[in-house]
């Protein structure tokens, strides 16, 4: 039996209620309770004063599923709804500087908390948050995106409203969200509001994807009998593997792997959505194979495991990891995503006939059988009992492994190098920290960090939206208050979303942000250079000081040598350990990781392939 979120403190365990129906979008229609002239909403006196309201129901539902912070930007269509969210004692409304950052914050919050939520206004807000919701969809994150919609009386009329593109059709926003959410609900009628809201939220939890809920601006405060009682907490029926399929998949996989001489185990990013991390470790303990992670799975597998060998990323893998994986005669990829980025421009030396591909609901063995409705966690747990222990590949890894060399000697006051910066970041990490890596060279440098037990790690590889990390840091830190977030952000990315440093200060967060100032979009430079990759340099510490403006706890430093860096980190972890610490690190524009240089050239080659002859 699986349940989601936490019931209210004074609530007993819920009785099972029927599973929600499939996601539905109701046709937009005028409110039947409105007066004939369409100008007024139903009077509150139509229903007993003891009836609950839509606004309170939504607030209680969010609290029930475990949301404690809702990221929002006010607009005239959502103001009444925000009043109801504020009135809920278990919710904290976090006002963001813009909708894009509110969506990124809900994304980061969902990574740490399991589910996130944001509230924006109609169309101008909805289309602004769209990019962040698309990113959450790509990463399988349940984010409840709520939009304050037009007055219910305006649906089905020929009226033109503000915040629209000037047409009486209000569906543009809905159409945009249909491709990047797993369910959509347009709530413009109190009669079916309860059903639509509950179906959308439960679908987000079941599918682990974002959903879109539009709520007419005149409905949140009107009592209605369907909201008369406290919402009954969700009961989402557990899913079970096809037992015959599971047995067949385990038998075929065990036969395949037990014949191999040097098999390896590789974790992919879909481990998270399948909730199979624990089962993966069970399998790793049982089989003795070396464990690698795909880059976007970093943080999902314990790196203190005795058989962990690093990141498998083709030509830019962790030292000696790529050689072990690609020379194996069998490899198990658990929850992989093979795209042009993770495959380094389609250059992985992996053969299908040697692979077992385990997806959340399907297992494919080499060129042989492919079995569906076999759930990843069930499969890994069952397979662990059938595999013979085989440590050959791990012993090969230990045989060829050479520890990292000693850093080059430096002169006093020598300009700071990026590899020195990350040596210091490595020393900061512990079980009470989490790393957020922005798109760019931070991807590659952060991959080299060895994560201690319980150290969090997040980055957005599939969608790769620059600027994501500022909002994600805000959201993650708000959810994981027991961890100090260490964010590594390039100057180009920071310029996209810098404003919500303001919100971090207002929330009293104590993250450490390393702003790596190398004068441009370095990741784009290594793929294809041009004058468009050079950006206007800012006084970044001056900007953050201006945002701070003497309110709240914030400390900044600008460093360009190792001595200055060491002193700044000492202050950030000492005198200002309870402050938001912003450290601008000035480095040479060409000081990039060798992995980015290799990766960039291969991705450039993939991007520039000529058209196939017609």
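Every residue, even glycine, has its Cβ placed from backbone N, Cα and C.
All annotation found in TrEMBL is predicted automatically rather than curated by experts.
Feature annotation (TrEMBL): of 1-48, 49-96, the stretch labelled region 'Disordered' is 1-48. For residue 518 (Mg(2+) binding site), the Cβ neighbour count at a 10 Å cut-off comes to 21, with all displayed protein chains included.
Counting every protein chain shown, the Cβ of residue 491 (Mg(2+) binding site) has 24 other Cβ atoms within 10 Å.
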